[in-house]
Amino acid sequence: MPFRYILFCYHLIFSLIFYAYIMEYGGDALGYWTMQADSSQGAESWMQHWGLGTFFVQWLNYVPSQLLGMPFWAGNLLYGLISAFAWLAIFQRINKVTETVLPRFTRLIWLLPNMHFWTAGVGKESLIWMFFVLFILNLKFRKQNMILCLAAVFLMFLVRPLYASFLLFILLFFWLKNSPYTPKQTILGTLVLVLGLGFVTSKLLLFTHMEALNLENIKAYIQFQQEFLMGFKADTYLPMEQYAFPWAFLSFLFRPMPWEGTGILFILAGLENLFAVLLVTGALMLGVWKQIWSKNEGFIYGIIFLFLISVVGSLTLNNFGIMLRYKSPAMIFLYLWALDTIFSGLKLILAKQNNK
């Protein structure tokens, strides 16, 4: 059976696992589907649900949930089906580039559980995954691709405005690095993207109730966010506010470890993190030794996205469960970069050995 079919079906299985988990332990996903995640708008009709973040997710779910009467399990399968196509699309694109470097067994990296679990059901991470894949696949200078790329930025803005600023930053980097246009056109495009970043930033200030973007307000918001999450007294609480930033950053990326919690899903996530530590460490050691690094742009932009998520997450989050959820749509790019670096390095070593 072709691997793409395995990947597609595997992801759909996680839709049912996600459904069973939410029904057993609860979570935001059920609230998104029943319009109870945030009812502060007092919305009764479809358009009254319109808004950013949670409001947008509820607006999006209103038709299948409230008008069509789809049960929650069907909603998870619907999300899983659409996000499975995103997994399939990004796999096929990347496989064309890496199939000459990476052995076939390395495709198993696409089956690591945490990233599928959080992107297979009703929720923001599934939408973030879909929109980021749409963005990455259309980072090209053809008109239709740019339209889809900007559409992905807009959709990301509706789900999580901060992530839209990340995409605009990546788009600005891509534009300045690869622009085929005249200097005047490149400068004009740069100004448009900077204005877009300014607009998103202004909306973020409103969204976070900050009067101005300065260090004092940012520190106050970070403290508020951490205290808010501490108030839930979750079993998976982590004292991130006590860590130095480098350790908090690494904790966000590579924790929890298997021994830091209980439950099969927690242990699986911990094993995935342990594997990630070994994989990335191996890539860094081999890369430094042989001065060879994966230069696949798709991986690089995905890692920039992950880096920005990790910076924010390490400053504002202090709960293993939320940390696992937040990083899930971008970890695959770090894994692929590490594998590409390792096998490119090994290929170079073998070539030198054969030439002796």
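Backbone N, Cα and C define each Cβ position, glycine as well.
Just so it is clear, the model here is predicted, and its values are computed rather than measured.
Record features (TrEMBL):
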- 7-26: transmembrane segment (TRANSMEM)
- 76-95: transmembrane segment (TRANSMEM)
- 115-137: transmembrane segment (TRANSMEM)
- 149-175: transmembrane segment (TRANSMEM)
- 187-206: transmembrane segment (TRANSMEM)
- 264-286: transmembrane segment (TRANSMEM)
- 298-320: transmembrane segment (TRANSMEM)
- 332-350: transmembrane segment (TRANSMEM)
Tell me if the transmembrane segment (149-175) touches the transmembrane segment (264-286). I count contact as 3 or more CB pairs below 8 A, with pairs 6 or more residues apart.
no
Would you kindly list the residues that approach the transmembrane segment (332-350) from elsewhere in its chain, counting only those six or more residues past its ends and only Cβ-Cβ distances under 8 Å?
90, 94, 98, 101-103, 106, 109-110, 112, 115, 253, 276, 279-280, 282-283, 286-287, 289-290, 292-294, 296, 298-303, 305-306
Tertiary contacts of the transmembrane segment (7-26) (same chain, 6+ residues out, Cβ under 8 Å):
72-73, 76-77, 79-81, 83-85, 87-88, 91, 110-111, 113, 116-121, 265
